[in-house]
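As written in TrEMBL, here are the features:
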- 1-12: compositional bias 'Basic residues' (COMPBIAS)
- 1-60: region 'Disordered' (REGION)
- 13-37: compositional bias 'Basic and acidic residues' (COMPBIAS)
- 45-60: compositional bias 'Basic and acidic residues' (COMPBIAS)
- 69-258: domain 'MARVEL' (DOMAIN)
- 76-98: transmembrane segment (TRANSMEM)
- 142-162: transmembrane segment (TRANSMEM)
- 174-197: transmembrane segment (TRANSMEM)
- 233-254: transmembrane segment (TRANSMEM)
Amino acid sequence: MSQPPRSHRAHRGERNGDNRHYRDSHDDRRPSPDRSSSRPPYYPREADSPPKHAREAPRVEHQQSKCTYICSRRGIVLICSVLTNSLVLICVVAAQMVTSGMSSAAGLGGFNINSNFNLQGTELQKVRELDMQYSQMRAPGIYGGIAFSLTLGVLSLLFVVSGTKPPHMMSKKLLYGALVFQALGAAAYVVAVGLYLHFIIGVNATDVCQQRERLYARNGYTWMSCNVSGADAAVALFGLITAILYTAGTVLTIRTIRGVRRYLQERKDRSRPRPMRAEITSV
């Protein structure tokens, strides 16, 4: 009577043993911590390809590159030199208008000479003649200043526009041309300011200017003097500022050229094939 429970118990033991054997076999298939740590982690294939926004990032940078390279330090200095050249041009024209005399301004239709001038008869005719002579004497300095500032301003603007590419992609002739232009422009502006002031002082020291000053002062117009006017001083001031800007641009262009040389040399060294190492054989 005791055999059936034993057989039932043995049968249940065998079934439990099979279950344990099944769990042990599955545990053996699972990777152990030691094995998983030695294997490299698995990454899906989608991680190899960059996401869509990462592929589009260089395109956005390429679209903003023009403004980026124009607004570099070298480009900003050139832009400032364009503005100072414009100020020099404006001050040269203003100096001519201020020192030309009231009779010349009246001829432009600004006001009626008969109602605003106390001069009459021979004095009025004498003032007109002196104003005409004085304007003709100042004409070389005025026209020379206009042509000089306008030429350098336009050339500076052309170099600004041409700087829309990275320095290593620009032509070497363009970089060296900008270097020579700014170096010569700095020296030329210093010389031009000295010549302009020397010319204006020489014209103001003539008898024509002295007679004009006495005639205007006799009738209460003391502002028409033979000293250097404020507009002429502004021409000299902005001219010297432009020379300083060209000097700074020359230094920055030299640094840019050196950086381009260094970059091209490093890229050439990276692209050069490396020599194969000789195998060491033991005897």
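Along the chain as shown, the residues are counted starting at 1.
Glycine residues also receive a Cβ, built from the backbone N, Cα and C atoms like all the rest.
Predicted automatically and left uncurated, TrEMBL annotations should be read as such.
Remote same-chain partners of the transmembrane segment (76-98), defined as residues 6 or more beyond its termini with a Cβ less than 8 Å from a stretch Cβ, comprise 70, 105, 135, 138, 142, 145-146, 149-150, 152-153, 156-157, 159-160, 163, 178, 185, 229-232, 234-235, 238-239, 241-242, 245-246, 248-249, 252. Listed as Cβ neighbours of the transmembrane segment (142-162) (distance under 8 Å, sequence separation of 6 or more from its ends, same chain) are residues 70, 75, 78-79, 81-82, 85-86, 88-89, 92-93, 95-96, 170, 174, 177-178, 181, 185, 188-189, 192, 196, 235, 242. Along the domain 'MARVEL' (69-258), the predicted structure has mean pLDDT 86.
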